[in-house]
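Q: Relevant sequence annotations retrieved from TrEMBL are reproduced here:
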type	residues	note
BINDING	Pro62, Tyr63, Val78, Lys80, Met87, Ser88, Thr129	FAD binding site
DOMAIN	8-112	domain 'FAD-binding FR-type'
Amino acid sequence: YLGCLDAENFKEFKLVQKRQISHNVAKFKFALPTPTSVLGLPIGQHISCRGQDATGEEVIKPYTPTTLDSDIGYFELVIKMYPQGRMSHHFREMKVGDYMSVKGPKGRFKYQPGQVRAFGMIAGGSGITPMFQVTRAILENPNDNTKVHLIYANVTYDDILLLEELDNMAKNYPDRFKIYYVLNQPPEVWDGGVGFVSKEMIQAHCPAPAADIQVLRCGPPPMNKAMSANLDDLGYTKEMQFQF
């Protein structure tokens, strides 16, 4: 099939719905050219979005849609808008009917069903989006038996993106998908992890080092660096690790 993306040139997609999820998170739904169009984004790849910051300067940032190519006619982005974020400004200002400039696909990750027995995933904050996309694709493919073990770290409970969707996937696919939430500032009653993602948490909640597993990472740079060190210490080779 032909996708709607161009890797070399930005193309315009119309915002058809903007739904506020929390005080600083919204879901943006963009229409594709026709109701039967597909975006054409390989699993594990992302798009570049172009906008303007508060001073009118051009900004280009990578985003991973929460939709798959099985969602025809549209794609969605779940965006956390930070007070000082340059692209956040653009998303905050966007109104239904406005157009977003997008190009892609981008990214080094290639996925074929069955390429690993299991994925470990360590995500922080907005870094959940590529993990969500890969996990959804695996779980919604009846011929894919890959198991997914996700550790998802945030500051507070309210910061957890895609919480409802993740919990539903864990409930619907209990044998194939496990999620462990880690919070820096947990609520009083909390059965997940507390603090930063530790080596002990990785040992308990990710598949052990093996030739047929891979651990994917995506989070803020300091977290990625710390997780890389943790994984190295636990005996995961470079081939067993991938950073989005």
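Just so you know, glycine gets a Cβ as well, placed from its N, Cα and C.
In TrEMBL, annotation is done automatically, which means it is predicted and not curated.
Looking at the shown structure, what environment does each listed feature sit in?
A: Under 8 Å, Cβ to Cβ, and six or more positions away along its own chain, Met87 (FAD binding site) finds Cys49, Gly51, Asp53, Val59, Lys61.
Summarising model confidence by region, the domain 'FAD-binding FR-type' (8-112) averages a pLDDT of 96.
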Q: Among Pro62, Tyr63, Val78, Lys80, Met87, Ser88, Thr129, listed as contacts of FAD, what is the widest Cα spread in Å, to the nearest whole number?
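A: Value for the max Cα separation, rounded to a whole number: 16 Å.
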Q: Can you list, in sequence order, the residues of the same chain other than Pro62, Tyr63, Val78, Lys80, Met87, Ser88, Thr129 whose CB lies within 8 Å of the CB centroid of the FAD site?
A: Cys49, Lys61, Leu77, Ile79, Phe91, Ser126
Q: List the same-chain residues at least 6 positions away in sequence whose Cβ sits under 8 Å from the Cβ of Lys80 (FAD binding site), in sequence order, or say none.
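A: Long-range Cβ contacts: Asn24, Val25, Ser88, Gly125, Ser126, Leu161.
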Q: Give me the DSSP three-state residue breakdown of the domain 'FAD-binding FR-type' (8-112), ordered helix, strand, coil.
A: 8 helix, 48 strand, 49 coil
Q: These are the binding-site residues: Pro62, Ser88, Thr129. Which one scores highest on other Cβ atoms within 10 Å?
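A: Counting Cβ neighbours within 10 Å, the top one is Thr129.
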